[in-house]
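What TrEMBL says about this one:
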- Asn31, Leu33, Gly58, Glu79, Asp104, Asn129: S-adenosyl-L-methionine binding site (BINDING)
- 38-214: domain 'Ribosomal RNA adenine methylase transferase N-terminal' (DOMAIN)
Amino acid sequence: MSKNIDIANPTRTQAILNQYGLHAKKKFGQNFLTDVNVLHDIVDIADITSEDYVIEIGPGIGALTEQLARKAKKVLAFEIDEQMVKVLDDTLAQYDNVRVIHQDILKVNLPEMISQEFEPEASVKIVANLPYYITTPILTQLLHADFKWQNIVVMMQKEVADRLNAEIGTKAYGVLTLTIQYFAQAHLARKVSANAFNPAPNVDSAVVKLVPVKPVVEVDNVDKLFTLIKQSFAHRRKSLWNNLVQAYGKDDRTKTNIQSALLKAEIDPGIRAEKLSLAELSHLYIALHANK
Ligand SMILES: C[S@@+](CC[C@H](N)C(=O)[O-])C[C@H]1O[C@@H](n2cnc3c(N)ncnc32)[C@H](O)[C@@H]1O
């Protein structure tokens, strides 16, 4: 395959799938991008330069990988579908700066991989047309993983993109919104219509750019903070008090501890978690932790 011919365009994508006797697999969220303008936009939004080491999630037949490989120093792409990995051996054969790894991204130890595959102090960017069925677990994994990244540019369902910057007190405001807020600032970079894909998804899509931020309130253990946040949102219609008692225990000593932490954090026990900001939940975590 010549370097000058793009892998992606509506007829070429289908021809490659036919050549290998493949169909897009729903169970792996396979919706292949066939619009080269969208692919170029994604690479531009991520601002990929020859200094960058890129992690791609789900390369598929290599349409986005190829565009990344033309600009980046190295691309490390994780693909779950063995049949796609075989296609990629051919479609990306000319790009010696691409390494495809046949693995479920949710099972990858990214910091370990980065230290094995990238130079120390590498400028790391993450780019993907995400499999929509696991957008939230992937974003959660990426953000909680302990490595430095410059930006994350990902295509996702528009409805999920809206949750990232959801207003406090709305139905869309929740654990995902707070996870994003703790680690990053999210910008909706562009919308993408369903006919940019083969097969066309039944939902609207959007490209989102995340840039890292310092958290509004630093805590000593981010995982524990998010355990508390998940417990607080466990039953959205229940009060914070009821959710906390359910999580921590109904005995008098535990109840007194929760009560004094709420008082210290100046939070009304009757409120619902969806009315609380990240800063308030962080202060609650700090107060609860101090009581232990
Ligand atoms: C929406 S398609 C994107 C394909 C290609 N990047 C494109 O833009 O045309 C999602 C890709 O992610 C792969 N995938 C799905 N689940 C995965 C997982 N858990 N780990 C790694 N790759 C996964 C699918 O097989 C598919 O190739």
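Positions of Cβ are set from backbone N, Cα and C atoms, glycine also.
Automatic, uncurated: that is what TrEMBL annotation is.
By neighbour count, meaning other C-beta atoms within 10 Å, the densest spot among the binding-site residues Asn31, Asn129 is Asn129. Taking the binding-site residues Glu79, Asp104 in turn and counting surrounding C-beta atoms within 10 angstroms, the largest count is reached at Glu79. In the three-state DSSP classification, Asn31 (S-adenosyl-L-methionine binding site) falls within coil. Across the domain 'Ribosomal RNA adenine methylase transferase N-terminal' (38-214), mean pLDDT in this model comes to 98. Around the Cβ of Gly58 (S-adenosyl-L-methionine binding site), the same chain contributes Phe28, Gly29, Ala77, Phe78, Glu79, Ile80, Ile105, Ala128, Asn129, Leu130, Pro131, each under 8 angstroms and 6 or more positions distant in sequence. Across the annotated binding residues for S-adenosyl-L-methionine (Asn31, Leu33, Gly58, Glu79, Asp104, Asn129), the two most widely spaced Cα atoms sit 20 Å apart.
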